[in-house]
Amino acid sequence: MQNAEISISNKVADKLISIGIIAWNEEKGIRATLESLFQQSLFQRLGERGLSCEIVCVANGCTDNTPKVAAQVFAEYSAAHEFRHTFTCRPLDVKERGKINAWNLYVHSLSASEAQFLFLMDADIKFLHPDTLWNMVDALQENETASIATDRPEKSISFKQDKSLFEKISLRVSQMTQAGDAQLCGQLYCIRSVIARRIYLPRDLGACEDGFIKWVVCTDFITKPLNPQRIIIAKDAAHVFDAYTSPSAILRNQKRQMIGQTVVHILIDDYLKTLTVPERLNLAVALREKESADPQWLQRLIGDYIQQTKHFWQLIPGLAGMRFKRIAKLKGLGKVVYLPTAIAGFAVSMIACFNAYGFLKQGSTNYWPHGKSPASNSAGGLPEGLARTASHSNSAL
């Protein structure tokens, strides 16, 4: 790991907030994201209170000029921003690619130790409300029982005047998903540092790290029943992102999500429950020690699980009926309006689940469309558990 440039620092008070931006090959879009960030009222609010924050851009495994562009924008705003005394900026170039590793580095090594709140955000979003970040922090300050504050994610296609049928379905699916309790979008959230630093993301988690974090946080580290109130939505807080719009892109993304959700299920519903309560409450220590002692432990768990799963629709318990259960909670015409969306979503989920099942059966764990991840494993170099599933892949499908 190395700095893209020397850390840009103004003399500021102790940092209340640390903002971690995780970026991979965002050379063309990261300037717009950072400019949107610096337009937030957060900096004025901090200045009024004699507080400060830090901004850390963790560019991981980039093959373009993302670190350089981030450093340039940081330099510009550190010199000219009206409230430049309220923040420091650090652009980092991490050689290892992957959001999981970048998340662990930021939370456990890079973020300011005195920060009470950590923001995790992607490098390809823009803020819709000027008070988004401050309102997320304020929501946690006002609600001591909550551990995470989120905003409202909006697909860019929602602002189009003339939407295609496919785009309308995509937006309806999002509306159904966001209607559920304790929704956590990994694109942007604010988490109490004391909670975040008790979490460690296993390297082979691959995707759906937000799902893993959600279940850990809402069950008080797998020690209590699910409490959706641990995650709250801040008022007047929203960001926009570019959605997948083509059928092929959606299926590729859903395949990756299904793989990630499978691993989350294995961890949350099986493995973590075998740990002692003290180990669960100190989960970061327990998982880091496990990974250090046995780097392939999770790969073997995945391999054993896939070998025992006879049909693709059994990959994730309750997946087949999930969308229809959401429909059942709606009232009146809502059920009729959203039924076609639920059917379309069900079809996409089943196709993606079939593809994910076949991929995992081949002994692979990391799937990133268009090479957006470290190369996937091949059966030849896998530990025994995954190698066994690879040898049986044809007959299983």
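Every residue gets a Cβ built from N, Cα and C, even glycine.
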Looking at 294-319, 372-397, which one is region 'Disordered' according to TrEMBL?
372-397
Its residues classified by DSSP, the domain 'Glycosyltransferase 2-like' (18-163) shows 61 helix, 39 strand, 46 coil
Across the domain 'Glycosyltransferase 2-like' (18-163), what does the mean pLDDT come to, as a whole number?
96
